[in-house]
Ligand SMILES: [Mg+2]
(Lines of atoms letter the chains of each structure in order from A and count residues from 1; the text may use other names and numbers.)
(Lines give C-alpha, C1' and ligand atoms only; values in the text may rest on other atoms or scores of the structure.)
Protein backbone atom coordinates (compact mmCIF):
# COMPACT_ATOMS: atom_id res chain seq x y z
CA UNK A 1 0.00 0.00 0.00
CA UNK A 2 1.23 3.46 -0.75
CA UNK A 3 1.45 5.84 2.17
CA UNK A 4 2.46 9.48 1.71
CA UNK A 5 5.53 10.85 3.49
CA UNK A 6 5.75 14.12 5.39
CA UNK A 7 6.65 16.98 3.04
CA UNK A 8 6.85 19.76 5.61
CA UNK A 9 6.43 20.40 9.33
CA UNK A 10 5.53 23.89 10.53
CA UNK A 11 5.45 25.17 14.11
CA UNK A 12 3.20 28.08 15.08
CA UNK A 13 2.47 29.94 18.29
CA UNK A 14 -0.79 31.52 19.37
CA UNK A 15 -1.79 33.47 22.49
CA UNK A 16 -4.98 33.55 24.57
CA UNK A 17 -6.35 30.18 25.63
CA UNK A 18 -6.07 27.21 23.31
CA UNK A 19 -3.76 24.45 24.50
CA UNK A 20 -2.22 26.80 27.08
CA UNK A 21 -5.45 27.00 29.03
CA UNK A 22 -3.69 29.03 31.72
CA UNK A 23 -3.23 31.86 29.21
CA UNK A 24 -6.39 33.69 30.33
CA UNK A 25 -7.49 37.13 31.47
CA UNK A 26 -7.27 38.34 35.06
CA UNK A 27 -10.92 37.77 35.94
CA UNK A 28 -10.82 34.03 35.12
CA UNK A 29 -11.26 31.55 38.00
CA UNK A 30 -8.14 29.70 36.83
CA UNK A 31 -6.06 32.76 37.66
CA UNK A 32 -7.71 33.51 41.00
CA UNK A 33 -6.02 32.56 44.25
CA UNK A 34 -5.09 28.88 44.04
CA UNK A 35 -2.58 27.08 46.26
CA UNK A 36 0.72 26.63 44.38
CA UNK A 37 4.31 25.70 45.22
CA UNK A 38 5.07 29.45 44.91
CA UNK A 39 2.53 30.29 47.61
CA UNK A 40 5.28 30.36 50.24
CA UNK A 41 6.23 33.75 48.73
CA UNK A 42 3.37 36.11 49.60
CA UNK A 43 4.03 38.33 46.57
CA UNK A 44 3.36 35.37 44.23
CA UNK A 45 0.25 34.15 46.03
CA UNK A 46 -2.72 36.16 44.70
CA UNK A 47 -2.55 35.07 41.03
CA UNK A 48 -0.66 32.33 39.25
CA UNK A 49 0.16 34.79 36.47
CA UNK A 50 2.34 36.60 39.03
CA UNK A 51 4.95 33.87 38.76
CA UNK A 52 4.56 33.34 35.02
CA UNK A 53 2.11 30.47 34.66
CA UNK A 54 1.05 31.82 31.27
CA UNK A 55 4.52 32.55 29.83
CA UNK A 56 4.64 29.68 27.35
CA UNK A 57 1.50 30.03 25.25
CA UNK A 58 0.19 27.49 22.75
CA UNK A 59 2.25 25.59 20.17
CA UNK A 60 0.49 24.38 17.03
CA UNK A 61 2.35 21.76 14.96
CA UNK A 62 1.23 21.12 11.39
CA UNK A 63 2.47 18.17 9.34
CA UNK A 64 1.77 18.25 5.62
CA UNK A 65 1.91 15.02 3.63
CA UNK A 66 3.09 14.67 0.03
CA UNK A 67 -0.54 14.35 -1.11
CA UNK A 68 -1.36 17.73 0.47
CA UNK A 69 -3.24 16.36 3.51
CA UNK A 70 -2.45 18.33 6.68
CA UNK A 71 -2.65 17.05 10.26
CA UNK A 72 -2.13 19.22 13.33
CA UNK A 73 -1.62 18.91 17.05
CA UNK A 74 -1.56 21.45 19.87
CA UNK A 75 0.25 21.66 23.19
CA UNK A 76 1.68 24.10 25.72
CA UNK A 77 5.14 25.13 24.53
CA UNK A 78 5.00 28.47 22.68
CA UNK A 79 8.13 29.86 20.99
CA UNK A 80 10.53 27.53 22.79
CA UNK A 81 8.60 24.60 21.41
CA UNK A 82 8.49 26.10 17.92
CA UNK A 83 12.28 26.43 18.00
CA UNK A 84 12.71 22.77 18.96
CA UNK A 85 10.41 21.60 16.16
CA UNK A 86 11.91 23.75 13.43
CA UNK A 87 15.59 23.48 14.41
CA UNK A 88 15.84 19.97 15.78
CA UNK A 89 12.88 17.64 15.23
CA UNK A 90 12.08 18.62 11.61
CA UNK A 91 14.93 16.42 10.33
CA UNK A 92 13.19 13.30 11.70
CA UNK A 93 9.65 14.31 10.74
CA UNK A 94 10.15 15.34 7.12
CA UNK A 95 10.53 12.39 4.79
CA UNK A 96 9.08 9.92 7.29
CA UNK A 97 6.08 7.79 6.26
CA UNK A 98 2.86 9.19 7.68
CA UNK A 99 2.08 5.86 9.37
CA UNK A 100 5.49 5.46 11.06
CA UNK A 101 4.51 7.01 14.40
CA UNK A 102 6.49 4.53 16.53
CA UNK A 103 9.78 5.04 14.75
CA UNK A 104 9.33 8.82 14.68
CA UNK A 105 8.57 8.93 18.41
CA UNK A 106 11.63 6.84 19.19
CA UNK A 107 13.87 9.08 17.08
CA UNK A 108 12.52 12.32 18.59
CA UNK A 109 12.86 10.99 22.14
CA UNK A 110 16.33 9.51 21.78
CA UNK A 111 17.70 12.51 19.87
CA UNK A 112 16.58 14.86 22.66
CA UNK A 113 17.62 12.72 25.65
CA UNK A 114 20.61 14.95 26.35
CA UNK A 115 18.34 17.92 27.12
CA UNK A 116 14.85 16.41 27.20
CA UNK A 117 13.27 13.47 29.08
CA UNK A 118 10.44 15.50 30.70
CA UNK A 119 8.92 18.96 30.63
CA UNK A 120 8.82 21.15 27.55
CA UNK A 121 10.64 18.73 25.23
CA UNK A 122 8.02 16.06 25.95
CA UNK A 123 5.27 18.65 25.40
CA UNK A 124 6.77 19.30 21.98
CA UNK A 125 7.14 15.59 21.12
CA UNK A 126 3.51 15.19 22.21
CA UNK A 127 2.41 18.00 19.89
CA UNK A 128 4.18 16.40 16.91
CA UNK A 129 2.76 12.98 17.80
CA UNK A 130 -0.81 14.35 18.00
CA UNK A 131 -0.31 15.99 14.59
CA UNK A 132 0.86 12.64 13.15
CA UNK A 133 -2.19 10.75 14.51
CA UNK A 134 -4.49 13.49 13.19
CA UNK A 135 -2.85 13.20 9.77
CA UNK A 136 -3.02 9.39 9.77
CA UNK A 137 -6.72 9.50 10.62
CA UNK A 138 -7.36 11.95 7.78
CA UNK A 139 -5.37 9.83 5.31
CA UNK A 140 -7.30 6.71 6.28
CA UNK A 141 -10.60 8.61 6.60
CA UNK A 142 -11.08 7.29 10.13
CA UNK A 143 -11.36 8.86 13.58
CA UNK A 144 -8.29 8.35 15.78
CA UNK A 145 -10.33 6.16 18.17
CA UNK A 146 -10.74 3.64 15.33
CA UNK A 147 -6.99 3.61 14.75
CA UNK A 148 -6.57 2.79 18.47
CA UNK A 149 -8.76 -0.31 18.39
CA UNK A 150 -12.24 1.19 18.46
CA UNK A 151 -14.56 2.35 21.24
CA UNK A 152 -15.34 0.04 24.16
CA UNK A 153 -18.46 2.04 25.16
CA UNK A 154 -21.06 4.24 23.48
CA UNK A 155 -20.59 7.42 25.45
CA UNK A 156 -18.22 9.32 27.68
CA UNK A 157 -19.22 10.61 31.10
CA UNK A 158 -17.53 13.58 32.71
CA UNK A 159 -16.65 15.23 35.95
CA UNK A 160 -16.05 18.99 35.89
CA UNK A 161 -12.97 20.85 37.04
CA UNK A 162 -13.62 24.40 38.15
CA UNK A 163 -14.44 26.76 40.94
CA UNK A 164 -18.18 25.91 41.06
CA UNK A 165 -18.96 22.23 41.73
CA UNK A 166 -22.45 23.32 42.81
CA UNK A 167 -23.17 24.59 39.31
CA UNK A 168 -21.47 21.54 37.73
CA UNK A 169 -23.94 19.31 39.53
CA UNK A 170 -26.85 21.22 38.02
CA UNK A 171 -25.20 20.80 34.60
CA UNK A 172 -25.29 17.01 34.93
CA UNK A 173 -21.65 16.21 35.69
CA UNK A 174 -20.58 13.21 37.82
CA UNK A 175 -18.64 15.37 40.21
CA UNK A 176 -16.78 18.60 40.72
CA UNK A 177 -13.09 19.10 41.33
CA UNK A 178 -12.18 22.41 42.91
CA UNK A 179 -8.83 24.09 43.19
CA UNK A 180 -7.49 24.13 46.74
CA UNK A 181 -7.15 27.80 47.63
CA UNK A 182 -4.86 27.97 50.68
CA UNK A 183 -1.47 26.29 51.01
CA UNK A 184 0.70 25.33 53.99
CA UNK A 185 2.26 28.82 54.21
CA UNK A 186 -1.15 30.15 55.26
CA UNK A 187 -1.04 27.97 58.36
CA UNK A 188 -3.91 26.70 60.47
CA UNK A 189 -6.12 29.58 59.41
CA UNK A 190 -5.75 28.59 55.75
CA UNK A 191 -6.45 24.95 56.62
CA UNK A 192 -9.69 25.93 58.38
CA UNK A 193 -10.74 28.09 55.43
CA UNK A 194 -10.11 25.23 53.01
CA UNK A 195 -12.24 22.90 55.11
CA UNK A 196 -15.00 25.47 55.58
CA UNK A 197 -15.21 25.87 51.80
CA UNK A 198 -15.40 22.10 51.30
CA UNK A 199 -18.13 21.89 53.94
CA UNK A 200 -20.09 24.63 52.18
CA UNK A 201 -19.78 22.88 48.82
CA UNK A 202 -20.79 19.50 50.27
CA UNK A 203 -23.84 21.16 51.74
CA UNK A 204 -24.67 22.74 48.36
CA UNK A 205 -24.27 19.58 46.24
CA UNK A 206 -25.77 16.98 48.57
CA UNK A 207 -24.39 13.55 49.36
CA UNK A 208 -24.44 11.72 46.01
CA UNK A 209 -22.07 13.93 44.03
CA UNK A 210 -18.29 13.57 43.88
CA UNK A 211 -16.19 16.36 45.34
CA UNK A 212 -12.45 16.48 44.81
CA UNK A 213 -9.55 18.83 45.52
CA UNK A 214 -6.83 19.68 43.04
CA UNK A 215 -3.80 20.83 45.02
CA UNK A 216 -1.51 21.67 42.05
CA UNK A 217 1.74 20.39 43.66
CA UNK A 218 1.37 22.83 46.58
CA UNK A 219 1.41 20.72 49.76
CA UNK A 220 3.78 18.60 51.85
CA UNK A 221 3.04 15.14 53.23
CA UNK A 222 2.16 16.37 56.70
CA UNK A 223 -0.27 19.05 55.53
CA UNK A 224 -1.83 16.82 52.87
CA UNK A 225 -2.33 14.04 55.41
CA UNK A 226 -4.09 16.32 57.90
CA UNK A 227 -6.21 17.84 55.13
CA UNK A 228 -7.25 14.43 53.78
CA UNK A 229 -8.07 13.05 57.21
CA UNK A 230 -10.25 16.02 58.08
CA UNK A 231 -11.87 16.01 54.61
CA UNK A 232 -13.17 12.48 55.22
CA UNK A 233 -16.11 14.02 57.11
CA UNK A 234 -17.17 15.71 53.85
CA UNK A 235 -16.65 12.58 51.74
CA UNK A 236 -13.83 13.92 49.56
CA UNK A 237 -13.47 11.44 46.67
CA UNK A 238 -9.86 12.19 45.86
CA UNK A 239 -6.99 14.51 46.65
CA UNK A 240 -5.12 15.41 43.46
CA UNK A 241 -1.50 16.33 42.83
CA UNK A 242 -0.95 17.11 46.49
CA UNK A 243 2.86 17.05 46.24
CA UNK A 244 5.60 18.11 43.82
CA UNK A 245 5.83 15.58 40.94
CA UNK A 246 9.35 14.42 41.86
CA UNK A 247 8.37 13.41 45.40
CA UNK A 248 7.47 9.77 44.63
CA UNK A 249 8.38 8.82 48.20
CA UNK A 250 6.01 11.45 49.60
CA UNK A 251 3.17 10.24 47.38
CA UNK A 252 3.70 6.65 48.56
CA UNK A 253 3.57 7.84 52.18
CA UNK A 254 0.51 10.02 51.60
CA UNK A 255 -1.32 7.13 49.98
CA UNK A 256 -0.71 5.05 53.10
CA UNK A 257 -1.92 7.93 55.29
CA UNK A 258 -5.24 8.95 53.72
CA UNK A 259 -8.58 7.57 54.97
CA UNK A 260 -9.63 4.21 53.52
CA UNK A 261 -11.52 4.69 50.27
CA UNK A 262 -10.17 8.18 49.50
CA UNK A 263 -8.09 8.23 46.32
CA UNK A 264 -4.70 9.85 45.87
CA UNK A 265 -4.44 10.86 42.20
CA UNK A 266 -1.63 12.47 40.25
CA UNK A 267 0.41 12.51 37.05
CA UNK A 268 -0.54 15.53 34.93
CA UNK A 269 3.04 16.81 35.20
CA UNK A 270 4.60 13.36 34.73
CA UNK A 271 5.88 12.13 31.37
CA UNK A 272 6.76 8.93 29.53
CA UNK A 273 6.36 5.25 30.46
CA UNK A 274 9.37 5.56 32.78
CA UNK A 275 7.89 8.40 34.83
CA UNK A 276 4.59 6.56 35.22
CA UNK A 277 6.42 3.33 36.02
CA UNK A 278 7.80 5.12 39.08
CA UNK A 279 4.30 6.22 40.17
CA UNK A 280 2.86 2.73 39.64
CA UNK A 281 5.63 0.58 41.07
CA UNK A 282 6.09 2.81 44.10
CA UNK A 283 2.32 2.69 44.73
CA UNK A 284 2.09 6.48 44.72
CA UNK A 285 -1.52 6.81 43.62
CA UNK A 286 -4.86 5.20 42.85
CA UNK A 287 -5.45 6.85 39.47
CA UNK A 288 -2.86 8.21 37.03
CA UNK A 289 -3.74 11.39 35.16
CA UNK A 290 -1.38 11.82 32.19
CA UNK A 291 -1.94 14.79 29.89
CA UNK A 292 -1.78 13.52 26.31
CA UNK A 293 -0.34 16.86 25.22
CA UNK A 294 2.50 16.63 27.75
CA UNK A 295 3.25 12.97 28.55
CA UNK A 296 4.50 12.04 25.06
CA UNK A 297 1.33 12.03 22.94
CA UNK A 298 -0.99 9.19 21.98
CA UNK A 299 1.89 6.87 21.07
CA UNK A 300 3.32 7.08 24.60
CA UNK A 301 -0.06 7.21 26.36
CA UNK A 302 -0.85 3.75 24.94
CA UNK A 303 2.24 2.36 26.67
CA UNK A 304 1.51 4.24 29.90
CA UNK A 305 -2.06 2.97 29.99
CA UNK A 306 -1.02 -0.64 29.35
CA UNK A 307 1.34 -0.37 32.31
CA UNK A 308 -1.45 1.07 34.46
CA UNK A 309 -3.81 -1.70 33.36
CA UNK A 310 -1.31 -4.34 34.49
CA UNK A 311 -1.15 -2.59 37.87
CA UNK A 312 -4.95 -2.51 38.15
CA UNK A 313 -5.06 1.27 37.95
CA UNK A 314 -7.36 3.70 36.12
CA UNK A 315 -6.03 6.20 33.59
CA UNK A 316 -8.10 9.39 33.63
CA UNK A 317 -6.25 11.83 31.37
CA UNK A 318 -5.82 15.43 32.42
CA UNK A 319 -7.96 17.81 30.32
CA UNK A 320 -6.98 18.00 26.64
CA UNK A 321 -10.45 17.63 25.15
CA UNK A 322 -10.68 15.60 21.91
CA UNK A 323 -7.06 14.47 22.20
CA UNK A 324 -8.05 12.65 25.41
CA UNK A 325 -11.56 11.59 24.31
CA UNK A 326 -10.35 9.55 21.33
CA UNK A 327 -8.10 7.61 23.70
CA UNK A 328 -10.53 7.30 26.64
CA UNK A 329 -13.29 5.64 24.61
CA UNK A 330 -10.91 2.86 23.58
CA UNK A 331 -9.69 1.84 27.07
CA UNK A 332 -11.43 -0.34 29.64
CA UNK A 333 -9.39 1.23 32.45
CA UNK A 334 -10.46 4.77 31.52
CA UNK A 335 -14.10 4.79 32.62
CA UNK A 336 -14.75 8.55 32.85
CA UNK A 337 -13.23 11.85 31.72
CA UNK A 338 -12.28 15.28 32.94
CA UNK A 339 -13.92 18.40 31.58
CA UNK A 340 -12.19 21.69 32.33
CA UNK A 341 -14.68 24.50 32.85
CA UNK A 342 -13.12 27.25 30.78
CA UNK A 343 -15.92 29.79 31.21
CA UNK A 344 -14.34 32.53 33.38
CA UNK A 345 -16.89 31.98 36.16
CA UNK A 346 -17.21 28.20 35.60
CA UNK A 347 -20.93 28.76 35.15
CA UNK A 348 -21.46 27.26 31.67
CA UNK A 349 -19.96 24.68 29.35
CA UNK A 350 -17.66 26.13 26.68
CA UNK A 351 -15.21 24.21 24.46
CA UNK A 352 -12.04 23.49 26.43
CA UNK A 353 -9.60 24.81 23.80
CA UNK A 354 -11.75 27.79 22.90
CA UNK A 355 -11.23 29.80 20.77
CA UNK A 356 -8.48 27.85 18.97
CA UNK A 357 -10.43 24.85 17.70
CA UNK A 358 -13.62 24.58 15.63
CA UNK A 359 -15.98 21.58 15.79
CA UNK A 360 -14.78 20.78 19.33
CA UNK A 361 -17.53 18.68 20.95
CA UNK A 362 -18.65 19.43 24.53
CA UNK A 363 -20.58 17.29 27.00
CA UNK A 364 -24.30 17.73 27.30
CA UNK A 365 -25.80 16.87 30.66
CA UNK A 366 -22.34 15.54 31.63
CA UNK A 367 -22.21 13.07 28.74
CA UNK A 368 -21.02 12.81 25.16
CA UNK A 369 -21.98 10.24 22.55
CA UNK A 370 -19.03 8.58 20.81
CA UNK A 371 -20.76 9.41 17.51
CA UNK A 372 -19.70 13.03 18.16
CA UNK A 373 -16.13 11.86 17.62
CA UNK A 374 -16.84 10.19 14.27
CA UNK A 375 -14.84 12.47 12.02
CA UNK A 376 -11.43 11.78 10.43
CA UNK A 377 -8.41 12.34 12.68
CA UNK A 378 -9.25 14.14 15.91
CA UNK A 379 -12.18 15.76 14.10
CA UNK A 380 -11.32 19.37 14.87
CA UNK A 381 -10.17 22.34 12.76
CA UNK A 382 -8.03 25.37 13.55
CA UNK A 383 -10.09 28.53 13.89
CA UNK A 384 -8.96 30.87 11.08
CA UNK A 385 -9.78 33.84 13.33
CA UNK A 386 -6.94 32.89 15.68
CA UNK A 387 -3.77 34.53 14.47
CA UNK A 388 -0.94 32.03 14.23
CA UNK A 389 2.68 33.22 14.22
CA UNK A 390 5.57 31.18 12.82
CA UNK A 391 8.58 32.51 14.74
CA UNK A 392 11.18 30.23 13.10
CA UNK A 393 11.55 28.44 9.79
CA UNK A 394 13.99 25.81 8.58
MG1 LIG B 1 -4.92 18.75 38.27
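Note that Cβ sites are derived from N, Cα and C of the backbone, with glycine treated the same way.
Predicted automatically and left uncurated, TrEMBL annotations should be read as such.
With 214, 240 listed by TrEMBL as binding Mg(2+), the candidate from 192, 253, 268 annotated for that site turns out to be 268. With helix defined as DSSP H, G or I and strand as E or B, the domain 'Mandelate racemase/muconate lactonizing enzyme C-terminal' (161-261) counts 52 helix, 16 strand, 33 coil. The shortest Cα-Cα distance between residue 338 (substrate binding site) and any of the recorded positions 214, 240, 291, 318 is the one to 318.
Cα-Cα distance from residue 318 (active site, proton acceptor) to residue 291 (site 'Increases basicity of active site His'): 5 Å (rounded to the nearest whole number). Summarising the environment of residue 291 (site 'Increases basicity of active site His'), the number of other Cβ atoms within 10 Å of its Cβ, over all protein chains shown, is 26. With a cut-off of under 6 Å between the Cβ and any atom of ligand 1, the recorded positions 22, 48, 291, 338 reduce to an empty set. Cα distances from residue 268 (Mg(2+) binding site) to the recorded positions 22, 48, 291 are smallest for 291. A simple Cβ count within 10 Å picks out one of the recorded positions 22, 48, 318 as the most packed, and that one is 318.
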